[in-house]
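Colleague: Okay, so TrEMBL annotates it like this:
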{"type": "DOMAIN", "residues": "11-271", "note": "domain 'Protein kinase'"}
{"type": "BINDING", "residues": "40", "note": "ATP binding site"}
{"type": "TRANSMEM", "residues": "331-350", "note": "transmembrane segment"}
{"type": "DOMAIN", "residues": "355-422", "note": "domain 'PASTA'"}
{"type": "DOMAIN", "residues": "423-490", "note": "domain 'PASTA'"}
{"type": "DOMAIN", "residues": "491-558", "note": "domain 'PASTA'"}
């Protein structure tokens, strides 16, 4: 156990994170660069085997020439106290196999996204004349952001290598092995394309195309059986995407994609509307002359110390001298053979005598769960597992598909699994405040957000950094149906300060928004010149160049200061001048009415009313408010004697 050991005094081993037949992989910490790394250590049992050490060193040499974001980087290779090791990039996450086991079948969009990354990585390897030869989900890592990285180029072999000869030692994993590798032939670039097709099949269905009780039986299926239809398992998969699987896994390498670049090009348009009604790919008929097929003979598949696969099949050696058989044994063998042939003919021509009647699984796609169960049970099937999966086509709570798929014939009583829709996949919004807009847009677009609106605003924050986002962090939404609004900083600018005298509060707000200045009302004062509520003074002179975000203090007018009312006293002389009546006699009195309009009286009301019998003098007092006028009127027997108006400013 290496836990706690420092390899070459630099890499402190923390824990075991993986292993295989040749090596173990440890999580370690680089004490010099202060980072976590993965360290692959060759088993001590291989120290005396030069071929094992050469293969281990070849992994380092192959991978160090490859620099790509979807290929695990190699940092260092060395030997410490007889221990051969390789230091690699540590990818925190899981293997693609673990991801498939947990989430498959995956949505077509996610499958295409993963495959585009894988084909991009293999393109680089092929450009360097390197064939991976062991592409499988176990050799593909998935980081916490959902990006894939290919590792384990240990069995890769440079095409230009002088050791590249046909051999019975074909390494790889049988479930993903190309027919030519299974036959004991040379692995080519098209062998990697075949393995990529098997990986895509597994992503789409959650199943392997070929299975069996032994590695030999699986290898034979790679050689002899056509790849099953992914649409038979998941009917919602587009035909164009199934065609990618069928082309890449063609038995004859001539019918596969000519290069991995062509496969990637096909993936880029596979979900486009233009290919919605694409016809199913059919392998072209081969009209060449009849070819001799190699005789298949099974050999042991797995070495006891390795997880890698040896040659699956090879032509047998011809015995020098046939062994003589006793005639009785010959007749017995012939009889058994004849019986087996008769049984086989009956079995395939009249299967009804050997097996129970099969019925087709009903199509319950887009049905409610209760209705689907009733329909399946009514047809004679048992209900198996019920799992959930996101779907953009099927509403939440409805059935996406069944396993076995609709139309597949099975015996009565067979369990049928149901996949129930959870509706469209939702994403939880992260906090993007402070991050660069290009980085944020890239992340959002990879998550499926298409409607991204970017607004700009002055800010003291770094230019192009997000200062506001909608929806907020933590909210859940469907990417294809959500508009993301991001406000980014356009930095600190300078503007010329305007003359704010006469601006009211609304005008100040409008100006602040357009200029980027911070306008602050700090005081109020009386003014004879500026109306109430308007700016009468500003802290910084108009015409000054200021940075956006600068604060300008302003003083608002309270209007004119209110002065006390003025008192006006007017003395009027009222003469007694009675008129004669019809009899020629004078009246002995006259009626006097006084009206006042001031701060406390209305001219409509009689202020004083009295009689006079002689000439009198009368004081009239008026209270006159600032900016206003006051008046009085004196009447004698209805005749106006005095009518005068006095202004506040006249006093």
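Positions of Cβ are set from backbone N, Cα and C atoms, glycine also.
Map the listed features onto the structure and describe their local environment.
Modeller: Helix, strand and coil residue tallies for the domain 'PASTA' (423-490), in that order: 13 helix, 25 strand, 30 coil [DSSP].
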Colleague: Taking the domain 'PASTA' (355-422) alone, what is its mean pLDDT?
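Modeller: Value for the domain 'PASTA' (355-422), mean pLDDT as a whole number: 88.
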Colleague: Counting each residue once, how many in the domain 'PASTA' (491-558) are helix, strand and coil under DSSP?
Modeller: 11 helix, 25 strand, 32 coil
